[in-house]
Structures are given as structure tokens and as C-alpha cells.
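Here is the structure we will look at, set down as C-alpha cells.
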Amino acid sequence: MTPPILEVQRLTMRFGGLTAVSSVTFAAGQGQITALIGPNGAGKTTLFNCVTGFYRPSEGVIRLHKRGVAPTELQRLPGYRIARAGVARTFQNIRLFPGMTALENLLIAQHGRLMAATGWGIGAVLGLSRYPAAEREGVERAKRWLSATNLMDRADDPAGALPYGQQRRLEIARAMCTEPALLCLDEPAAGLNPRESDELARLLLDIRQEGTSILLIEHDMGVVMRISDRVVVLDHGVLIADGSPAEVRGNAKVIAAYLGEDEEEVSA
Amino acid sequence: MKPASALPAALKDALIAAAVSAAIFIPLVALRTDVGPTGALTLRTRWPEAALLVGLVFLGRLALVLWTGRRGLRASTAPGPWTQRLQQAGRLAAPAFLALALVLPAIPGVDRYWLDLGILVLTYVMLGWGLNIVVGLAGLLDLGYVAFYAVGAYSYALLAQEFGLSFWVCLPLAGLFAAFWGVLLGFPVLRLRGDYLAIVTLAFGEIIRVVLINWVSLTGGPNGISGIPRPSFFGLPFSMAGGEGTFAGFFGLEPSPSHRVIFLYYLILGLALLTNWVTIRLRRQPLGRAWEALREDEIACRALGINVTTTKLSAFALGAMFGGFAGAFFATRQAFVSPESFTFIESAIILAIVVLGGLGSQIGVAVAALVLIGGTEVFRDLQEWRMLVFGGAMVLIMVLRPRGLVGTRTPSIALGKKRAIGGDLVGEGRG
């Protein structure tokens, strides 16, 4: 089995009396696309928010294994440190900076690196820093992702004025500009037409090719089954299946969860 | 709309407007209480005046609707042809303004009155630019900006009086003190957003003022601090005596009181330009971009690894620092500070300058300061009508250009040509 990039152990998230995620354990493989699926309200987004630092889990451990670095326990980090540790995310309802251009969006994603080059603002104001070189490098990285997401000609347009499908792609490009080890995508194919879904699938395979692992929440089963190396299924906050797409597709519990069959029929 | 159907509709519209204005003007204008000769209150009615006002509203509305149609005056935030022209003109206007500001003292006919007015306007330009960092770029609504102005002014007054430090030593210290108070205020309140942040900053402004009034042993209370040392020209005092060690004596000039005024004018011009320069530079750099990103979407910022708290604090501290500089300048110009100069209305005026000018726009803020501060001075002859004109102009700008005079945003970087971004896309910030 491939070594894990992300290891989730007995993760539990409670909101008052409601247990949204209950003792879930799974691992996402290094250099793989892991899909997280389940019916509405299964706790996918909650789990996602725990991994990306937006919620602090009630119990459990989330460990990031970056190559050549000691494992990081993500649940101990403050929210903004998660991205620096190497986990980037997109949002179910797109969260770009609408009044800023596509290029500016991608440069903000490189904030940490560029900020360090400015000597935390002071050196750059005085013009004494390596900032111009760092910015050129940042713009080159942004251009690379703009062309990878086919947005090169929209670089100077405000993000809020782009059509929906392009906004989705720009958000992925922005996440990739943080140079993550793990890219977390929350329903990237939602609202896309079939052609755009195909493009998205190709983009994700390219990203995997370059060595970034992907964790993906998705409802579009066509996309999930086509590109995932591994599928994890949640239902009512509990992990019910974990395996290859083919295995999961044949799993009786998964079919029951999606089609809503009786518990007894399944166990029988 | 056809003219035949336009008139009844316009009449109806004008009648509604007249009814609304009657509801306002009857209690405000028609009924008035005066103190009678015996000391008792007597009710005086002024029906003709009220009727005149209502009639004016009726006729004005009728004319407006007939002229433009019901939806004729439309609010706009988009970069329309008007904005584009303004921006083209702006590229020329900004250097032109700057050149005018630089040569103003040398223009014949510019006397002390005009220089004093220039100093006043530039002080507000500087305060507007300072607050623009906090409100315009970072999107944090600060209703207590005058507190930092006060901290700067009192820092200079006390340091200069108690320790005899010169203006050039006190100026950075006053800025640092103000920035320190900015951070001190920022730490507890920056977790608040929007309206809540506005209320806390408002309270902070009032707290500073109340402390200044009541801490009599340090600040002199309501009497303020007088006899604050005037600035010297790098150690050469401006003195009418004209001896060896004075500015006039050193340069062999005829001693004149206008030397100091001209010096003060260039001093505040320099300070304002410093504020502008730092802001423009920072906007093109990661810190400034992070401020704007924060205004657009705080959650996305966090997901991209931006430390939201320190980024907000840096905006707060930097804005406060420039407020402190302006305060120190104010103290040395007036040679007298008292809590009366730092009331809430000052914060409101500075905020109005930023909002009218257009959040985040440097040239817009400068023009708004010129119009608001210069305008009230120029219309001094109108006496009590001044505020009416002033208020009407503000309402008109906000109706026609809800995002301020310059409602568009210029990108900080572009691969090709920088194109202005319409105000409807740009976030206003929710704290």
C-alpha cells in the first residue's frame, strides 16, 4: 500500500449534543486522489473543515506526512498555519476575492513566501529587499497555474466578473499557488456542465501527476469513479466503506446509504 | 414614457414628496418655541416658511421627474464614461494638484489666510489617507480615529513641555505612541466584526477624550496644554527678533511671521505625501494586497495561510501612526491642545472624507478633503446656509455615486494594462 499523506485517527466532532463525525479513521495515500463521498448530511464537509483547520475536532488525531518532514498534527495548529503546513482547500460556495484580478488572487495565495521576501513589509517600503525578484517568481508561478487552468487571457479581469466554471478553476489555481502537499476540494464539480466536468477531471489528474495528493468531496459520481484511486464513504458521521472505486461501488452498505434501503434488508 | 401619461404620474410623485417634506418641516420649521419675556416658553408658528419649503420641494420634484423620468437619476458604481474620463484626467490631475500644492506659497496673492486654509486641508488629507488604510484597504470600520490624532497631539505636547525634546524627536515618538495605542485597542477588538467593531472604536475615541478631560494632573483637563513649543527649522527658531541664531538671521532674510506659516505648510505637505507614498507602495506589496484580500473575504484569507489577526493589527497600527503624526503637527501648529479638538465630530468628518472620496482611492480622498474642508471655508459667507449646502452636496454624491467619487479599484499588478474594477465587485469590508 502507498504511504499515507494524511492520516485521520478516531476523529470525532460534536456540536453540542449532535455528533456530526463519529470516530472516523482513514488514510489518504501519497500521490493519490482520495474521494470522500456520502449522502447529504453525512458529515463530509465537517470532516473537511476539521482537516483544513476551520473546526477543532472534539477528539482524534489528524496527521500530515510530508515527504522529508516530521509528521505534523494538524488539529493542534491555529487555522492559518494549516495552509503553511501544506494543506490547501477550496470552498463549496466559491470564495474568491471578487474585486481583485485573477492574477492578484493567485499572488495573495503566495502571501507567506512573498511577505518573507519583503522583510515583513518594512524593507519593501524602503526599497531594500529581494522583493522584486520574489514577485517576478510569484508572477511566473501564477502564470503557470493560469495556463494550467486555461485562464491566461482572463488574468487581468476581476475574479467576480468571471463565469462560474472559470471561478471554480481559478479557486483551484489559487489553492495550488500555496504549493500544497495535499489539496482539499469541496465539491469542485458542483454546477459544472459535462464538458467542464471533463476538463476538471483532467486538471485534477494533472495535479496528481505533479505529485500533489488530493482529497475530494464530490457528488458527481462520474467524476469520482473515473479519477479516484480510493473512495471513502461516510453516512451519518460514520465510516461505512473504504476501498477502490470498484469495491465501493459493489458495497451493499454504500448502496443502502444512497438508496435508503432498510437496515434489516442490508444485514440480512 | 409618453408626455400625456407623464404629467399625472409626475404630479403624483411630487405630491408624495411634498407630503413627506410636510411631515418633516411642520414640526421642524412651522412650530417653534421661544422663551417669552417672563421666562415662560411660548409657541410661535411659522406657517408661511413651512409652506414655502413644501412648495419648493413639490416644484423641485415635479421638475426633476418631468425632466428625467421617474428613474432618471440612477445610482452607479460601475466605471462609466464619466469615471473613465475622470481617471484619464486623474493621471494628469494628480501631478497637477501636487505641483499646485508645491508652489502655492510662491503664488502672488496667496496670503496668510490661504496658507492657513491649505494647512487645514492638508491636515485632513493626511488624516483621510491614514484612515483610508484602515477603512478603505483593510475594510475595518473605525469610528474613533480621532483618538490616535489626540494621542499624537498630547504625546508631542507633553514630551516637548516636560522633557524639552525638539519637534523632530517628538514626531516619530508621537507616531509610535499612537501606533502602540492602535495595537493595544486592536488586540481585544479585532475579533469583532462590522457594526460591533465600529461601536467599540467609537467608544475608544470617547474614552481617550474623557481621560484627557479628567486626568487633570497630566493633561491639564479641560484647560488643555498651552505654550507648546513651536517647530524650529532644524534647530533654527522662527523669531521676529531676527538675531544670529534664528531662521531669518541665519539666511539673512527680513524676519516675517509668514516664514513659520510657509514652513508649517511644507511640513504638513511632506507628512501627507509620506502617508500617500507609504500607502501606494504597500498596496503593491503582499501586505497591502493582504489587507485588500481581508476586506474581500476573511475566511478565504485564513485558508491561504494569512494570519488574519496580525494583518489587521498592522493596518490598525499603521493608520494610527499616521494619525499620530498628524496630531503632533496639529499640536505644534496650534501651540495649544485641549480635549475639545478631539470630539466625535472629527472622527465623523475624517470618515466622511474617506467614504465620499471612495474607499481605497488616494486621489478621491484628497479631492473629498479639499471639497469638504476647503468648501466649508469658502462658503463661510453663506453663514447658516453653509451646512445646508454642505449636507445637500453630501446626499447628492451618495445618491449618485454610492461608492464615493472614485468608486472603482485599480489593480495592484497586471500582466497587460491595468483596468479599473467596478465598485459593485469590490468588497466593502465587514470588519
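Backbone N, Cα and C atoms are what each Cβ position is placed from, and that goes for glycine too.
For reference, TrEMBL has these:
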| type | residues | note |
| --- | --- | --- |
| TRANSMEM | B:12-30 | transmembrane segment |
| TRANSMEM | B:50-68 | transmembrane segment |
| TRANSMEM | B:89-107 | transmembrane segment |
| TRANSMEM | B:113-133 | transmembrane segment |
| TRANSMEM | B:140-159 | transmembrane segment |
| TRANSMEM | B:165-184 | transmembrane segment |
| TRANSMEM | B:196-216 | transmembrane segment |
| TRANSMEM | B:262-280 | transmembrane segment |
| TRANSMEM | B:315-336 | transmembrane segment |
| TRANSMEM | B:348-373 | transmembrane segment |
| TRANSMEM | B:385-402 | transmembrane segment |
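Here the listed stretches are B:50-68, B:113-133, B:315-336, and the one with the most C-beta pairs under 8 angstroms to the transmembrane segment (B:140-159) is B:315-336. Take the transmembrane segment (B:165-184) and the stretches B:196-216, B:262-280, B:315-336: counting Cβ pairs under 8 Å, B:315-336 has the most.
Taking every recorded stretch in B:113-133, B:196-216, B:315-336, B:385-402 and counting its Cβ pairs under 8 Å to the transmembrane segment (B:89-107), the highest total belongs to B:113-133. Between the transmembrane segment (B:315-336) and the stretches B:12-30, B:262-280, B:348-373, B:385-402, the greatest number of Cβ pairs separated by less than 8 Å involves B:262-280.
Between the transmembrane segment (B:348-373) and the stretches B:12-30, B:113-133, B:262-280, B:385-402, it is B:113-133 that has the most C-beta pairs under 8 angstroms.
Residues of the same chain lying 6 or more positions beyond the ends of the transmembrane segment (B:113-133) and with a Cβ under 8 Å from any Cβ of it are 101, 104-105, 142, 145, 149, 258, 261-262, 264-265, 268-269, 271-272, 275-276, 279, 282, 291, 315, 318-323, 325-326, 329-330, 333, 349-351, 353-354, 357, 359-362, 365-366, 368-370, 372-374, 377.
Outside the transmembrane segment (B:262-280) by six or more residues, the chain places 98, 101-102, 104-105, 115, 118-119, 122-123, 125-126, 129-130, 132-133, 137, 231, 233, 238, 247, 288, 318, 322, 325-326, 329, 332-333, 362 with a CB less than 8 A from a CB of the stretch.
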